[in-house]
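Worksheet: one structure, shown below.
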């Protein structure tokens, strides 16, 4: 039997229409456009303002975009993996809601949560389902309503986050394309540096936790920045060395869009010219696990069959890693 690979054969995304600019934030907290642009490189971010709609709504819209533009029948999907750090509820899973709403029938579906790298974790998990030979099509969706957990009185974190969703379809192939390798790491030393302190079983919601604003994202920015630069760079070098890839072999670097200075550092360490790096943080901010698939969606028409992509991310925990992908189709042919 020939080796089965897991190819990305379609991408989709959805970004809410409403925008929060740096000028808008200047009216809420003590900040300004120059301060935000200098430190993180974000000009604006999208927000899903409807309080009755959660991450599932964004995921549904992203999946529908993929189905519509690529002519995919939802009933052909074997399983759905949903990457999110902002699920609709603790239970039921957001994946089960999405699978039902997009018309996939009674397929298996589950949520994954590994902070901002959740998408690359989910991509490797989905690829292994395909490699097992038991499944032909796995839909991987990353969806985040991060603004629901953003404290708009905190000048350090409120400029960072935006809402959005992106997705990819993994399909079985015998060609030498698809998810070729992944390096995934975690280390709990960073637990207290990037955290939502309350709402889980270790610290259930009380009047005190609400009053202390512990249900919003808390981040020690300088600590997180230093670890992100080192770990994202090291994971990229690790996957390049494991697969004998030089900087000349790489067509595109797809970094997590958390901070423009981190992205710059990764590109320099890899020796890749900046024109090969996907960057859209200025317009969308940090959509957590959704940043990488949103980049793939936005660059789809530039991607060609055989292109070599290295995706890398870092997040709470700490968690980090990189994925090596050979692109499976010419994006210019997609409507």
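Even glycines carry a Cβ here, placed using N, Cα and C.
Worth saying up front: this structure is predicted, and the values here are computed from it rather than measured.
Per Swiss-Prot, the features are:
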- 116: active site (ACT_SITE)
- 256: active site (ACT_SITE)
- 286: active site (ACT_SITE)
- 257-261: region 'ACP-binding' (REGION)
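Per DSSP, the secondary structure of the region 'ACP-binding' (257-261) breaks down as 2 helix, 0 strand, 3 coil. When Cβ-Cβ distances below 8 Å are used as the criterion, the region 'ACP-binding' (257-261) is approached by residues 39-42, 116, 160, 225, 228, 279-282, 284-287, 291, 294-295, 314 of the same chain, each at least six residues removed from its ends. Summarising the environment of residue 256 (active site), the number of other Cβ atoms within 10 Å of its Cβ, over all protein chains shown, is 29.
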